[in-house]
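Written below as structure tokens is the structure these notes are about.
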Amino acid sequence: MRFVDEAVITVEAGDGGNGVASFRREKFVPFGGPDGGDGGRGGSIYIQADDDTSTLVDYRYTRKLRAERGKNGAGANCTGRGGEDVVLKVPVGTTIVDTDSGDIIGDLVEDGQRVMVASGGEGGLGNTHFKSSTNRAPRKCTTGTKGEFREIRLELKVLADVGLLGMPNAGKSTFIRAVSAAKPKVADYPFTTMVPNLGVVDADRHRSFVMADIPGLIEGAAEGAGLGIRFLKHLARTRILLHIIDVQPIDGSDPAHNAKAIMNELAKFSPTLANLPIVLVLNKLDQIAEESREEWCQHILDELQWTGPVFKTSGLLEEGTKEVVYYLMDQIEQQREREVEDPEYAAEVRAFREQLEAETREQTIAAKEAYRAMRKAQRLESMMDDDDDFDDDEDDGDVESIYVRD
């Protein structure tokens with residue numbers, strides 16, 4: 001199934017049914033009085049997180065969703081039937097944003113979590129409500145109110161504890177295959193991974209975390225090179241970034257230069273995201289002769305001036321991967337325990353997450369607008385090149401036909 005992580009839809013709740021003006025007519029009951037029932041409430045629209053849904057592709061093709069209108073009231077004080085609610089299922093990790101105001105309506109992070117995005121209209125009142133001591137036969141009734149109408153944007157960000165970062169062909173997909181049951185495509189050409197992949201990593205029987213593999217970045221991604229930065233937003237909910245470095249790139253490029261390029265692109269996209277804890281993994285050690293591995297790895301670290309945690313692995317041979325898994329599991333558990341035990345730290349983490357969410361959303365929207373503007377400019381330029389007489393000059397040798405009516 002095609003992976004779609006963003007969609008814009010319009011939702012319209014059902015209108016309320018109308019109240020009616022009716023009078024009781026029954027044998028042996030003179031002056032029966034009003035008995036008009038109320039209209040039914042219009043159906044509302046809800047969005048619900050669902051573990052069995054993994055993409056927003058359904059909402060790329062069905063963009064207008066409407067709930068049922070409430071039924072009108074009837075005599076004998078019968079209230080009209082309420083309109084049926086509509087429940088839209090989306091993947092866990094979906095954020096709902098009002099496109100007009102930019103406000104976040106809801107953030108669905110748990111299976112079954114539900115948010116109302118459009119409220120159904122209230123049913124109208126029947127004439128029973130308007131009887132009084134001075135007006136015993138009211139003919140007044142009211143119509144139902146309109147249902148809420150909204151345009152909303154659905155944004156999916158995968159939920160993972162660890163995010164894999166690196167150049168194309170750095171070995172990210174091979175690494176996640178080695179440490180989890182995920183089976184992303186692996187090949188010897190760039191951009192084999194086109195969509196994010198999730199894998200559950202088991203440190204031991206009762207300890208596990210989720211790892212996300214996103215498509216590779218290249219230098220200039222912030223300006224749209226390669227697959228651009230559209231998938232970087234999926235790292236916004238991770239706790240730790242695992243930077244995979246190919247120590248012997250197939251194109252002969254410098255590993256340290258590649259790593260610096262990735263860090264620069266990350267900082268351009270979101271300085272807050274770049275402040276997440278980063279663990280360095282020097283991968284594909286099997287490509288280097290054993291006697292020169294240590295020297296070459298130290299050269300890369302010296303070039304990067306790296307002082308943080310670093311591991312040396314071969315994802316293909318599954319060498320050194322267990323040590324990475326145990327380290328990540330310990331770090332994640334420490335973070336979780338501290339959030340539970342220290343309310344002040346938990347509040348800081350929440351504020352950091354909110355800032356990161358807002359920053360990645362703004363950058364993603366800005367990048368899309370810039371891409372659209374670039375494509376529009378390219379189309380205009382192409383049109384000008386194709387039209388030899390675009391400037392309306394009379395001296396360019398074109399033939400002009402003039403039709404005259406006799």
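Each Cβ is built from the backbone N, Cα and C atoms, and glycine gets one as well.
Between the listed ranges 69-94, 381-406, Swiss-Prot ties the annotation region 'Disordered' to 381-406. According to its DSSP assignment, V195 (GTP binding site) is coil. Ranked by how many other Cβ atoms sit within 10 Å of their Cβ, the binding-site residues K172, K284 place K284 at the bottom. Shown for the region 'Disordered' (120-143): DSSP residue counts in helix, strand and coil, namely 4 helix, 0 strand, 20 coil. Under the DSSP three-state reduction, G166 (GTP binding site) is assigned to strand.
When the binding-site residues V195, P215, K284 are screened for a Cα within 10 A of the Cα of S173 (Mg(2+) binding site), the ones that qualify are P215.
In the three-state DSSP reading, K172 (GTP binding site) counts as helix.
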